[in-house]
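So that you can see what the record holds, here are the features copied from TrEMBL:
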type	residues	note
TRANSMEM	5-26	transmembrane segment
TRANSMEM	83-101	transmembrane segment
TRANSMEM	110-127	transmembrane segment
TRANSMEM	139-158	transmembrane segment
TRANSMEM	170-194	transmembrane segment
TRANSMEM	200-219	transmembrane segment
TRANSMEM	259-279	transmembrane segment
TRANSMEM	291-310	transmembrane segment
TRANSMEM	322-341	transmembrane segment
TRANSMEM	353-371	transmembrane segment
Amino acid sequence: MIKRIIQLGSLFPIILTIFFIKNYSINVPYQDQWEMVPLFQKVIHAEISIFDLIAQHNEHRILFPRLIQISLAFLTNWNIKNIYWISFILLCAIYFFLALFMQNICKNKYFCIYLQFMLSWIVFSPIQYEGWFTGMNEFHLTILAMLMTIYLLNLPLLGTTATLSKIFAVFLSIIGSYSHINGLLIWIVGGILIFYRRQFLFLIFWMLLSLMTYLIYFINYSKPIYHPSLMYFFQNPLDFLTYFFGQIGSVLFISEIGISALIGIMIFLIALFNLNSLLKKRSLIKSCIPWLMIFLFSLLSILAIAVARAGFGTTQALSSRYIVYSSLMFISTIEVFYYLVGNYKIKFFSHDLFILLFSFVLIFSIGQNYLKGVDYIKKYYSEMSKIKYCLDYYYRVDSTCLYSVYPNKEVLLERLEYIKQLGWGGFSEFAFSR
């Protein structure tokens, strides 16, 4: 009976996510989404090229998110809400693969039920609301590509089926690379996995393809001029470490950077404990290899974000959109930890009281962060309602509100007028009549 209740509890956050997207999303373009308007114009006038689609956006080349956005725009008159539903579908796919990896490693049935419950409440936590309601699906698309690549490369296949799985893995790595700059890390993680499986001929092919992908990516690449120096971590190592560990700990506590950093240090120490235990019992590595690859990808991603963003200030580490990476790191760390504790008795950590208290603390932390996320979504809805009103009636209100929508007022109004003429993005001629 208790098992059934907990399993049903795992479905509850999925249902809540549907509720939040349905009731707290607003059909209005915001910030980076306005960068799509020139691409829509080029498509309509048959002037679009691969160079437009692959053009640099901040540090990223978001080819595949742009293709998704353009397709949805012409299918739905750029109804922004549909982008949120794509995010939900990607989240469900991410949850599926994480649950699949969990089932392959989980032997203790009680731990399995608990971990499945925890996984659901983390993946579908509204604390990641920026990944749901802003941007262009680049985070979720990249992570899904990474998970599927690890899954395919780790399959014990032979012959034609193995060849097809490798081809799909290559294709997915390209999708990840041209969805977000962190997607380039998939090639590193995939290469390590291929090396571990001793597929040396394929490894050479993989390395050549990764080199080609990197070279194409960085052709005419330029660092955004308004971003901080990449050498900031040398100049301010304490701030850098606070940012780094704060980002790791944000999955459990997002309200204050100091506490988040302390939690991040504890998560990192658990990861070191896992690594030390696996080095002592190398026979266990094979079972844990997918989670170790996920951990490596998330660790490198968090490190890259810290190097690129720490100069913006330590509190920026608590940005909702980055929690997707700290979630991956936390989940992979805890999965391996419970595997080691539950299946191979380890001194002190195997004590029932410790496990009970540790599990309770995790659930409490995840729960309070979830509730914080609910507050964020409500505030987001209120803010976006004001933005919608501002865009509909900017000529009647203080037009300075437009700067909260897009940094360049003149460019925004020009693009707004174009979208209004198309009747896209929730706008119409009637709404703008004076």
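Note that Cβ sites are derived from N, Cα and C of the backbone, with glycine treated the same way.
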Quiz prompt | Distal contacts, the transmembrane segment (322-341) - CB-CB under 8 A, six or more residues away | solution = 98, 101-102, 105-108, 111, 114-115, 118-119, 122-123, 125, 127-128, 131, 139-140, 143, 182, 247-252, 254, 264, 267, 270-271, 273-274, 277-278, 284, 287-288, 291-292, 294-295, 297-299, 301-302, 305, 349-350, 355, 362
Quiz item: Counting only pairs 6 or more apart in sequence, are there at least 3 Cβ pairs under 8 Å between the transmembrane segment (170-194) and the transmembrane segment (259-279)?
Solution: no
Quiz item: Where else in the chain does the transmembrane segment (83-101) make close Cβ contacts, counting only residues six or more beyond its ends and a cut-off under 8 Å?
Solution: 14, 17-18, 21, 25, 33, 68-69, 72, 116, 119-120, 123-124, 131-133, 136-137, 140-141, 143-144, 147-148, 151, 290-291, 294, 331, 335
Practice problem: Give me the stretch from 5-26, 110-127, 259-279 with the greatest number of Cβ pairs under 8 Å to the transmembrane segment (353-371). | Solution: 110-127
Quiz item: Other than its close neighbours in sequence, what residues sit by the transmembrane segment (139-158), given a CB gap under 8 Å and a spacing of at least six beyond its ends?
Solution: 64-65, 68, 87, 90-91, 93-94, 97-98, 100-101, 131, 165-166, 168-169, 172-173, 175-176, 179-180, 182-183, 185-186, 189-190, 193-194, 197, 289-290, 293-294, 297, 321, 324, 328
Practice problem: Report, as numbers and ranges, every residue of the chain located at least six residues beyond the transmembrane segment (110-127) whose Cβ falls under 8 Å of a Cβ in that stretch; write 'none' if there are none. | Solution: 3, 6-7, 9-14, 16-17, 20, 91, 94-95, 98-99, 102-103, 251, 254, 320, 323, 327, 330-331, 334-335, 338, 342, 359, 362-363, 366-367, 369-370, 372-374, 376-377
